[in-house]
Amino acid sequence: MVMVFQMMVDPTLAEMGKNLNEAMKILEDGQRREAEEDADKRRYGRVDILGPLCSGQDVASILQLVQNLMHGDEEEETQGYRMQNVGEQGHMALLGHSLAAYISVLDRERLRKLTTRILSDTTLWLCRLFRYENGSAYYHEDDREGLIRVCRLVIHSRYEDYSSEGFTVLNCKQPVIYQSAACRQGLGQHLCTQLGLPLSSLCTVPCNTMFGSQHQMDVALLDRLVKDDVDSGKLPLLLIANAGTPGAGHTDKLGRLKELCAQYDMWLHAEGVNLATLALGYVTSSVLAATKCDSMTLTLGPWLGLPAVPAVTLYRHEDPALSLAAGLTSSQPVEKLRALPLWLSLQYLGHDGIVERIRHASQLSQRLLDHLKKLTCIKTSVEDELNSPVVVFRFCQEGSAGSSGGSEGGALNGERELQDALNRWLGERLAQLVPASGVDVVELEDEGTCVRFNPLMTAAVLGTREEDVDALVQQLQDKVPLLNSTLRLRLDFREEVYRAPGLAYIEDLSWPGLGAIRYEPSGEEPDEEKRQQEVEKINSGLLKKLRELDSDLLFSTGPEFGSEQNCVYIGIATEDLDVTELVETIAVMGRDIEENSKLLENMTEVVRKGIQEAEQQLQKANEEKLMEEGLLRQIPVVGSVLNWFSPVQSSIKGRTFNLAAGSLDSTEPTYSLKAQATRGTPPPTPTSIRTKQCLPGQKMFRRSLAGSDVHSETSSVGQAEELEREGPRSPAPEGRGSDDQQDPAPTVTPQPDAPVEREPGEGAQQETEQAHTLR
């Protein structure tokens, strides 16, 4: 770019290009600069943007502020953010906006000549590049604006008095705009709103339902609809056709639609991603027919990876006055400068560079399609679109649904919804693992949830290469066995849950995983609110314990806006999952949590009653002490003298509170080694948690497969699910064997090897302190 600016005569243009280069370098190197700067200064810079307008700043400070706004919060984002790959061709597009502002200050005659040249050059290049002969061009920021201006042109053409009478001329013959049911959502409504037409002027034509593609407009039905509108006194105005549907990239029968439009004097407008393939050497006949349409909209920005370039609507019309009235052309030279960024970018890329980018995207699609045909459980919906840059695929279960038993009818009824959930999970995982591929999830009316690969809209922006496609296929090959095993084990898991006491199976076909369960307490609780609180408490504790286990399974609370609550959702499962062990472990854990909760409640009541009994006995012991020793011995000075001359052997014995038994016991046995040796220890606390001894490196709930190693590649589900866990995995709790013994309940007693004689009053005081401590 430096050489380009050196060739310019105007030094202002050279300085502008230099400043733009420096500004882009500052903004693009912002992350590196932030790493070198002090963290406090960065935080101060972000806070400093708040408040009223400050005094004037230099260019470097302002660019630093913009850089902070662009990159300041990236470390706080939960998901990785990937900026568009802005190369030198992107710099040319950005330079066009700066040049447009500079050129607008020229004198009117120079501005008129310059804008006319820019507009004519760009229009000529685009018409030749996309095989659209004798066309005019309208450049617009909103890709729907060109269609709106075209509709105004058609209204001016079909209604002669529209310019003078306005919308009153539409009362005699209501205009009708036809669109395919596969058009992008909200396009027709937006069109009617901007034109001031009622929604009754919009007619949506269904796609083929019995013959042909499920995404192509039904031409025979369209013919009948147009005839009915003509017979009812309406005026067919315009037809919106697809050269690449937004969802699956299918193309309507543009040749037949053009013949039908010519028959009824309708305007035919085409749009879609497949229009980009018109620039290639070989074009399918279905897409080539778009060159005969009356107008079509091109979105060159995402196709070529050019930021901030306008969309272009190419059209054919012979009356320049009507084009001016419709807003397709303008007498203001400044508005013609919209084409300047595209004019610069097209010259920088050249014809070969433009064609190469479009060909590269088509080759990526074909490469992926060739790989997908080799996968048994992947179904594609682009078999009739060999040159379409859009590849839509969907996971389908191998074999028949319900192969592992269970109710086959119920499995078939929910197969579509369940596979939609699995395909949604598959698309989201592929997008996270291979972000450069640009895949996303799309909902199609007939196929359901699918994964879409549209490199023509993403490859130039993300820099997608063949290696990324291969990585996408590899990840897909790793995930398909997981989906198959999950579907096979799902019915087995449901049957095991039905047989397990205390567990309830929750049917949620929208969950992409093994299933959902809920632990139900065994006791009868008449108060429904208390019962729900108990269910929530137990299942929350159960979820926490399951997440602490060292396994490959994902345990969660389910969808964020799901209808089921207080459940434990289990994610994708591997083929070697031991469903029986999993369900048994969950049931035992839930039962232990319930028993511990009840034990805690009972112990609380026992401790409360024991403290009350201890207080009563302590009070009684104090009264007996007073009766034995007399009133004089309670006086501090006098009592000490009497006790020195005549010690009193008190009959009051100490007491200890046994937490295990929940009773007050005498401390006499602790003074006798023989009694202490014969005193039985409390029985060990039984634990019924089924723990399986795993080999080093082996996860829980794994069963040995014939001919497979412990460290099999099927453990890749661990890598797939670890990113979705809510927090770092805690080490698994050590299981307690049957020989583990519970520590005896603590007692407030002297040590047997050093007995200490206590006065009754002194022992009572300590007993009181112990009672308050227990309370």
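Every residue gets a Cβ built from N, Cα and C, even glycine.
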- In TrEMBL, of the candidate ranges 352-379, 464-491, 604-631, the one given as coiled coil runs 604-631
- Task: Determine the mean pLDDT over the domain 'PDXDC1-like third' (493-598), rounding to the nearest whole number.
- Result: 85
- Item | Summary of DSSP states over the domain 'PDXDC1/PDXD2 second' (389-487), given as helix, strand and coil counts | 58 helix, 16 strand, 25 coil
